[in-house]
Amino acid sequence: MVEQDPFEIAVKQLERAAQHMKISEEALEFLKRPQRIVEVTIPVEMDDGSVKVFTGFRVQYNWARGPTKGGIRWHPEETLSTVKALAAWMTWKTAVMDLPYGGGKGGIIVDPKKLSDREKERLARGYIRAVYDIISPYEDIPAPDVYTNPQIMAWMMDEYETIARRKTPAFGIITGKPLSIGGSLGRNEATARGASYTIREAAKVLGWDGLKGKTIAIQGYGNAGYYLAKIMSEDYGMKVVAVSDSKGGIYNPDGLNADEVLKWKREHGSVKDFPGATNISNEELLELDVDVLAPAAIEEVITKKNADNIKAKIVAEVANGPVTPEADEILFEKGILQIPDFLCNAGGVTVSYFEWVQNITGYYWTLEEVRERLDKKMTKAFYDVYNTAKEKNIHMRDAAYVVAVQRVYQAMLDRGWVKH
């Protein structure tokens, strides 16, 4: 369970990064606040003829480096604080990847499991009508997130085009779309594919002779967890010895087959009881003696309580915020190489950027081209962060913040928004 206010955590992380760089007080004060917060009311006609009123948000955190970019979350416990924090993190994520974007995030307080498809469509279109004036391919570009998907993006794009009375490049108004209407190849696997490149480079800086035969444990078997298991085993020859979902995990020292585990999970609702594997708890998975640990589920799973028991040499944060600030210190002292979340999982937003570029230019790339360009972007970002960490003798998360905040600060200086 998340105990701290998400936006307070985001501000604390920013303040901590500021200690390792030269930044004016006024700029820091500016960066602690979103540039725009919009709250909207969305009336939706339900299938029974009644009207239900929903609350939605869109936060545009900082647009010094370009149009704001970030997903739209549908969650029964959505809060403005969470949306603000995620918009701040998107600002740093796009900056660390050196994408020409700022950071944004959207959310609607709703339990989508209680809505029919027709009700979901009406809610999606209603949200776009409500935020139409503040989004565009050149101002703020939404994408899928928690409980939203390509179908919802398609309805949203269609509504935007209907109001705007124009077609392409309005395609670029939203990313994460179905392939039939301007989506990009490689988007499904993007988060895991990007993470795999950072794990590969982390192994190099640790002096490993490749990843073949090395072991990995993955907490979380959703989209990112499954693709990471598949990519690390099939493309890099790693042994995926453990995976888990919210109900528990499985362990097999000889390795697990990603596709077979996925099939089992779909048929039985969980990876648990997979033939030939031993059931383990999520807590046990985190403390396994493996080469790489990839938390790919929820936030705050490695804390000061269990950080001392982590045995992996590399912790690849595929999830958002899986390691608490106190645990960061412990892992750093233990000499564990951490790949911080907004670097490790930035493959998703990077391929979203590629999708937008393809929409704007009207020229579409092959899967090989998408992967090759993603590899270049992720590898450069990894070394930007790693070299900063080495140079300043700070851990990777602080270094990622320093790289990102410095880039946003420079853009603000160049625009004349703040002074040195």
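Note that Cβ sites are derived from N, Cα and C of the backbone, with glycine treated the same way.
Swiss-Prot lists LYS105 with the feature active site. Annotation for LYS105 (active site): spatial neighbours PHE57, ARG58, VAL59, TYR61, GLY70, GLY71, ILE72, ARG73, VAL83, LYS84, LEU86, ALA87, MET90, ASP145, criterion Cβ-Cβ under 8 Å with sequence separation of six or more.
Swiss-Prot lists GLY220, TYR221, GLY222, ASN223, ALA224, GLY225, TYR226 with the feature NAD(+) binding site. Taking Cβ-Cβ distances under 8 Å and a sequence separation of 6 or more, the neighbours of ALA224 (NAD(+) binding site) in its chain are THR191, ALA192, ALA195, ALA296, VAL318, ALA319, ASN345.
All chains included, 25 other C-beta atoms sit within 10 angstroms of the C-beta of GLY220 (NAD(+) binding site).
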